[in-house]
Amino acid sequence: MWTSWWLWPLVAVCTADSFLDQAVQILRVTPVIDGHNDLPWQLLNKFNNRLQDSRANLTVLADTHTNIPKLRAGFVGGQFWSAYTPCDTQNKDTVRRTLEQMDVVHRMCQLYPETFLCVTDSAGIQQAFREGKVASLIGVEGGHSIDSSLGVLRALYRLGMRYLTLTHNCNTPWADNWLVDRGDDEAQSGGLSVFGQRVVREMNRLGVMIDLAHVSVATMKAALQLSTAPVIFSHSSAFTVCAHKRNVPDDVLQLVKETGSLVMVNFYNDYVSCASEATLSQVADHLDYIKNVAGAAAVRFGGDFDGVTRLPVGLEDVSKYPDLVAELLRRGWTEAEVRGALAENLLRVFREVEQVSNQAQVPEEEPISLEQLGGSCRTQYGYSEAPSLHRRPGALLASLSLLLLSLGLL
């Protein structure tokens, strides 16, 4: 399919493992598109986003899960880089910090043009494959990054965001996060508020993939039922295999199957084995389970490299993808199923999201109400009326009547 991949440095496979040999042959033709990598966050923490610092050189960077030699060795041909800002930025400087992390991805492409090609659509991914480069896309991790603004959502799209995780480890004013299911946060939106539904519709209109990693089960179901395009879980695993609330339960996996959506398995030990230690084989157990419940077309990889502190034995960094593919082949996965998990399932969903988008359609314009927002550092104009006034149309008129009576004008 993408024949120029033979130009990449060949991986020496000094082993009698025929499954690993086969895995390498598959990866040379169909490289992996990983759904979630937090290298930009590491570049912020270690170098304050100074990419020209000699220590930040991605050809030699040693203390991260990701660098250019590791990407090459792992046959990573596409990567959704995470533009992540922590929840403590919500109602503060989250938009600024999100823009800075998106800028890091663009500068990576500028500094290493022989390796990275920043793209924004499915055709761009295939172009990068043909050129033997890593297709570099941006996923914004956390709905708080749009600061409850449809205008910010649209602006981030124009700057390259192609998926938005509806929450991180905190509620937004319009969507509930997974900690609600654990009892650590209170449900505020019942999944998605009215404004949250507007966000989903606008993402469909724009062609932004809806990412349900980190959200509550109620939010998962609400978004899956509302979205007119398939959705993704960019870095989540199977709840039945490991009963962690960040993972996807069986009834949601059924909705994933019905909607043609994707679950990109996370490699974080705590989500893989529900313990501090895990193995590559246990990651394959999650992939097997999702394939059996939701179908092979639903399976993907979302390693969460450089975003987690513990990774399975055998999957220590991005170079280890050939070993994971070999394990799937060893378990009887067909070559077509493997190619789907590597890239083709994602390309299918991306194309469907692009087909559903209709930017000629009138954009969502109704802003959120000021009463629904947290924080005190906000101006008072440009918001909707409180939802209670929308539910009771006579409330505003009654309030005005009381005011006029008090002034003796009625």
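Note that the numbers count up from 1, one per residue, in the order the chain is shown.
Here the Cβ of each residue, glycine as well, is placed from N, Cα and C on the backbone.
Noted in Swiss-Prot for the protein shown:
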type: BINDING; residues: H36, D38, E141; note: Zn(2+) 1 binding site
type: BINDING; residues: E141, H214, H235; note: Zn(2+) 2 binding site
type: BINDING; residues: H168, R246, D304; note: substrate binding site
type: DISULFID; residues: C87-C170; note: disulfide bond
type: DISULFID; residues: C242-C274; note: disulfide bond
type: CARBOHYD; residues: N57; note: N-linked glycosylation site
type: LIPID; residues: S384; note: GPI-anchor amidated serine
type: SIGNAL; residues: 1-16; note: signal peptide
I'd like to know which of the binding-site residues H168, R246, D304 sit within 10 A of C87 (disulfide bond) at the Cα level.
H168
If H, G and I count as helix, E and B as strand, and all else as coil, what does DSSP give for C87 (disulfide bond)?
helix
Would you count the other CB atoms within 10 A of the CB of C242 (disulfide bond), including those on all shown protein chains?
22
Within 10 Å of R246 (substrate binding site) (Cα to Cα), which of the recorded positions H36, D38, E141, H235, C274 do you find?
H235
Beyond the site residues E141, H214, H235: chain residues whose C-beta lies within 8 Å of the centroid, for Zn(2+) 2:
H36, S82, Y84, G142, T165, H168, D211, A213, S234, S236, D304, G307
Cβ within 8 Å of the mean position of the Cβ atoms of H168, R246, D304: remaining residues of the chain near substrate:
E141, N169, A213, H214, H235, S236, N266, Y268, G307
Within 10 Å of the Cβ of H168 (substrate binding site), how many other Cβ atoms are there?
22
So which other residues, same chain and not among H36, D38, E141, have a Cβ within 8 Å of the centroid of the Cβ atoms at the Zn(2+) 1 site?
N37, W41, F80, W81, S82, Y84, G139, T165, S234, H235, D304, G307
